[in-house]
């Protein structure tokens, strides 16, 4: 079986400074994986390389068996890999519902879809689908608000729902629990478990180790752009290198 | 004969280029530091010439009239800062451009009401002496203008690189948020920049009036737009880019008039701008933009 | 209808068409300061076809619009690699070059101007403007309009969600150019005379001015902006020489108070909600 995401020998430097060095790991289908490490370890850089925000210096990236290493960033989502953003990137001029509709784009790319006057139909299937997705996360009351003014926790969840609407089989989530209160974190956990039950593979960057422990089967630990450990969280915790990397940082 | 004519046209092109250069530096200060395409600057250029003309006609001594013109331009520029720039922070970038354009229209129409739309003859202030070098004829006024322009730019360049205020300005240009964190008082610096760019534009207007001995309410448009072109050809935010761009545009204009015809000026000047923008959008001496971070 | 009123309304119709030509790319975050150049292409091309080849207007006008759109497409592809102020300046330069080219093109009269023999009456012009408005209203209900805003709001994320940012930008730019050419073609055949000097920077810049005044958040903004800018100076005609100065003061003060323009999404939502709230109170 092909892996959901496979990274081999990845290297990236910025202005001569090495950000990622010889990184290799796989995310098998259905195995929720966490990418952890101290601040500045290169976790978000990995996401940016996989989604194509930056080009790689060396190495290959394969999503669902397709080599996406040199694919234009725009086309990568059609191989079934979507992402959320650490510093929530919603389109602030659009309403919540409209953000969802943009999220559906990759499944509606024909010229006909582009020119269908869906706004003339109050119950167009796109809107029905987007409202249903919002309702699943208890967000339907915000559907017609412009996103700019919404509370942080709400925008965070909207960002996640938009990523799911691409219909991707692999979701990369950049610190989904950061800044959420305990009850919001619980709701997020339920949401992610529901996605996992639908067969979606998750790759999560996260600092909250209780959260990681509660959903992830496999953990990849980065430090200074290199993989220093991999395995179930209970095992990596015992790893001396991991303990050293986290000294003075946060408890593992 | 042909060679000396070319040399003469190159000299004329450089003289005109000096005026564009001052305008380009004025624009580049506003763009480079404040990220503001200030379309009121052609209006301030026109004020430099028209207000001086008005006061001279009034009977004021020439130097007083010049000083008054500069002062008026600086004051109006503070109004532009207050009403076109300050309220628009954080909005769409096109909006301050529109408001500053409103100022251009306002200034032009005020002058139109007072002086009429005709071109006015600006008195000849500098004796009509010419230097003759080989086959070249160089007017004293032209030479003085070029020298003054170059001195102004040299001084500005020294000011920005060697004084503490200059360093503050460059920090703001680099990153406004960092500058505020470092305790730089942008509330004081921004109006200063508006005054500085207004003075550059008004000086250019004065030099234009003295050299070409004519002023009109609409004299700022053509020169101002070419100043913008010069700034972009050279590279936005770069003083030496503005100098290079100004001289190039001046040369392109004078050479195409004398060798092809007056009607093609806009084709060569703006064609040059278009080609530069397509091939090297950051301009000849500008730095390329970097991709944003997620 | 009096001749004066008809004359004003015809100007309004032309301004509305120009406004939507600027609005389309602006909705995607691109400032086109060269719209007059595309109007000139539509005007000269269609006039050349009706004058020299005796084409009927119903064929010549769309071809003129199409040529303007094609020019927008071909030039948009390299020019839209630039962003922000660079793009604005590139379109500005483009407008200058196009109108200077026509000024020097002797087959269409050069600097002396180009008389046009076929005539379109005021009703034809009104119909053309109405068609443009209907097209824009239609587009505003589609994903195309949604992506225009998405691309303006956050091009990086739009790209990662699979939206072709370049494709949307080029399409908006070219379609805007075609609309400008369409308006220009009607201009040539209504006034029966074209001169390159008419299609100058100030025409481009004033169009941008009233689009921003009306507001770019909704499809109604350009219409309102064009109407205000056409009718207000007429109302100020009494004060004659002061009218443009007063008008400029008004623009400055207005933009300082309401930089997002007159018509905004929240304003429309408020207007829509209010009757609903009243009816629920009654019940």
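Every residue gets a Cβ built from N, Cα and C, even glycine.
Since the structure is predicted, the reported quantities are computational estimates derived from the model, not experimental observations.
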Range annotated as transmembrane segment in TrEMBL, from C:83-107, C:208-232: C:208-232
Whether the transmembrane segment (C:6-24) meets the transmembrane segment (C:55-77): three or more C-beta pairs under 8 angstroms: no
Criterion met for the transmembrane segment (C:208-232) and the transmembrane segment (C:123-139) (at least three Cβ pairs under 8 Å): yes
Any contact, the transmembrane segment (C:31-49) to the transmembrane segment (C:170-188), with at least 3 Cβ pairs under 8 A: yes
